[in-house]
Structures are given as structure tokens and as C-alpha cells.
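Asker: Starting off with a structure, shown below.
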Amino acid sequence: MICAVRAGFADMASAMNRELKLFFFVVAAKIVLLAAVLLVFGESRLIWSDSATYIAIGRNIFEGHGFSTTDTDRVIFTPNSIRTPLYPFIVGLFETYIPHGLVVVSFLQAVAAGFIALLVYKLGLLFFSPKWALLTALAVSFEPLISSIHILILPETFLVLFLLIFIFFFLRYFTEQYAKNLYISAVALALAVYVKPVALYLFFVPCIFLLFQKRGVVKMFLFLVILFVLLAPWMARNKAVVGTFDMTTDDTGNLCGWEMVGILAAKYRIDSSDFTTLYALPEYATAKSKCTSTVFALTMFLTEYPSHFLKTSILSAAALLTNDGYSGAFFKKPPDQQTKIHHNYLTPAVFTNTDWRAKISAAAGELTVVELAVVIAGKVFWTFIAIMSVFGAMRLVFIEKSSLAVFLLLVVLYFITVTVTSTGFGVGARLRYPIDPLLLLFAVYRLRNIQSLRAYGGYSQKT
């Protein structure tokens, strides 16, 4: 008996030691990467894509202008109801009061990356051995684009951290039935929404699961009460400022902008990045006038453009799952050298163009041989991960009958659906990042299964 207890404590100590090593290794590696970027490129390299918007809003908060955007002359300040406040607040706090505050934010994101790796490792242990869980955590930590996102002034690192906390504690509640885990998951989901509103409607997924449990309605009610009590202050702020209780007013803007443009591009075989031509179409003005809400927009897409909406969604989903993101993040050229948009011309979105061969050739021609090889390798990698993740998810759900895998799959499908239907051909690898850990988890599970089949001559034990 005593020997068994000692062995149990030894196993626990070994597991904790392994997790601590993983955490500190990832954090240390991210700090080294951050230091290298600062030494070679300078602090300005931390700013990319939407960074300037978050920095500007953060400054306005602490300069007394509220949560607002401003014109270039900083004369007119307009309340912002598109973004949610947590990340701009963090950026503004450090950027305003601490020298080199953006570097501090990047450092905090490096620490967050360590926690992300730890959570992915713990999720992996639910499905396979520590060795495979470690492989998944390292892949999530050091894929090139993900590594760059970890140190750039972008909200995705904190978004993914809170999403994984939400997922981890909800799955713990589902398996252990401790109420505190449910409460923590609700708080984490609220924080994820405060970082980026793309997570807003994710509450439907846990609610579906809670309904099938004993006293499920009560549990679902408690989860929703915690979530919306935490979200209520920002909803009240938006009501006072712009007249709506919505967490963000960007839903309709995306649907009637990016998505509508993509549908018309698919219908008329026009370059989806040629906004001047697309906006000039009389049909765009007519469609825009009908885009008064998310429901009306989706109804219009399904009734007036069913085939083109389907085509746009399929190509967009393919682009989302296979896009490497390297050409835009690492090999972006100055405006006078970059005449083609790699984001659209080197993804499946290019096939809406009648001259798609010329578009691909032109975009590829702007890259050096080495750059093109890196981009192709990235696309091959993520295409492979997408395929393996499909087979891994199918096996876990339909053969292993794993309820936990069903939950993860619904989270993945939620983000794919929301991203594809709201962004059209504007999807990119950065928008896939919230589900990259889960895609890699499913893919690694399938690879582990294939390895087991080979090791046991075609026989694979269940997890």
C-alpha cells in the first residue's frame, strides 16, 4: 500500500516536472525570439496588420478620449463599437506608462504562449500519451506564423489563451462534475470575448452539452448568467454610445462588406481584391441596402445567391485551412514592388478569377526561389494538417465515441463557420489561429493512430 502511494506521488511529481519544463522552455524560446527581433529589426517590427489600431485606441483610453479612434490629425475622436476593450486597454496601459511598453506587452504574450503550450499538452493527455501530447504542444508553439503572432502586437495570443482555458475547464467539468470548473470556463469565455468578439456566439456549444446532462437547464442557466453578467457592462456602454446592446457592431459590416464582395466576385468572376470594381456594381448597392442585420444578410445570401454563397464558402474554408500566411507576414514587399496580393492570389480564392493562372504566376513571380519554397512548404504542411485533422476527428467521434472530441469538433466548426461567413475571401492564416491547437491535436491523434497500426501490424488499441 505504501509503495503504491509512493509510486503515485512519484508519477505526479514527474508529470508536474515535465509540465514546468515545457512551460519554461517555451517562454524562454519566445523571449529569445523577441530579443532577436528587437536586435535585428527594432521595436517597430512588433507592429503589423491591426497593431496600429489597437495602439491608437489604447492611447486614447489613457489620454482621456475614451475607447475611440481618431483621424490622422487627432482632432476628431469617434467612439469605437467594433473592437472589444481588453486588449487595447492592456496595450494602452503599458504603452502609456512604461518605457518600451510594447516590448512589455510582447513579453507578456511570450509568457501567455507558455501557458498555451501547457494547456495544449494537458488537452493532448486526454487523447494520447505524454510523448504525443508534447509533440502537439511544441507544434502549436513553434509553427513559424504562430511564433510570430506570439510576439506581435495583436490580440490573438490572449484570445487563444482564454479560449483554451474555457475549453480545458469545461471539459474538466464535463468529466468531474465540479461546479467551480463550469464557473471558471464561463469567466474565461467572457474574457475571450473581451479580447476579440469572434468568440461571442461560442456559448451555444457548451449550452448544447449542458442540456444533455442531469439538471442541464439549471447548469446552462448558471453558465449563461455568469457569462452575460460579465459582458453586460460593455453591452451597456455600447447602448449608451451607439444605441445598441451588441458587443460589437462589426457583424453586419463584415457580412455586407467582405462576404458580399466575395459572393459578387464569385458570381461575376471578378478579382475579389478589386474593391473599386465590385463596389461600383449596381447590384452591390442594392444588396448593401438589404444588409440591415445579420439575419437579413444571411437570408439574402441563402435565397438570392445560394450557389455563389456556397462556392464562396467552400473556397473560403479551403483558403482558411490551407493558408500558410508566410508571404504576407514574412515576405511582404514594399507597395511599389508588390502588385499582386499574395493573400488572395496564392490561395484557393484565386479560382474566382477568369485569369487565375496569370494571377498565380504574377504573385509567385514576386517571391524569390527560397521565399516561394517556404510558402509552398507552409501550404503543404497546413494542407496535410487539415486532412489529418479531419480523419482524426472522425475517428475520435465515430469510432472512439469520445464526447470530449465532439465538443472540440463543435468549437472548430464554430470558428470555421463564423470566419468563412463573415470574411469571405479575406480569410487568412491569422484568422485560423484560434483553432490551430485543436486542428493539430486532431491531426496528431490520427498520426499516432497510424503509427499504432504499423507497430501492431494493423491492430490499434483504443486510447
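Each Cβ is built from the backbone N, Cα and C atoms, and glycine gets one as well.
Caution: TrEMBL annotation is automatic and unverified by curators.
TrEMBL lists 84-231 with the feature domain 'Glycosyltransferase RgtA/B/C/D-like'. Per TrEMBL, the feature transmembrane segment maps to 22-41, 97-120, 158-175, 182-211, 217-236, 380-398, 404-427.
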Asker: So what's the average pLDDT for the domain 'Glycosyltransferase RgtA/B/C/D-like' (84-231)?
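Answerer: Residues in the domain 'Glycosyltransferase RgtA/B/C/D-like' (84-231) carry a mean pLDDT of 96 in this prediction.
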Asker: Near the transmembrane segment (22-41), which residues from the same chain, at least 6 beyond its ends, have a CB less than 8 A from one of its CBs?
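Answerer: Distant Cβ neighbours of the transmembrane segment (22-41) are 103, 106-107, 109-111, 113-115, 117-118, 121, 134, 137, 141-142, 147, 150-151.
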Asker: Restricting to the same chain and to residues at least six past its boundaries, which positions have a Cβ under 8 Å from a Cβ of the transmembrane segment (182-211)?
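Answerer: Tertiary neighbours of the transmembrane segment (182-211) are 83-87, 155-156, 158-159, 162-163, 165-170, 173-174, 217, 219-220, 222-224, 226-227, 230-231, 234, 247-248, 250, 403, 407, 410-411, 414-415, 418-419, 434.
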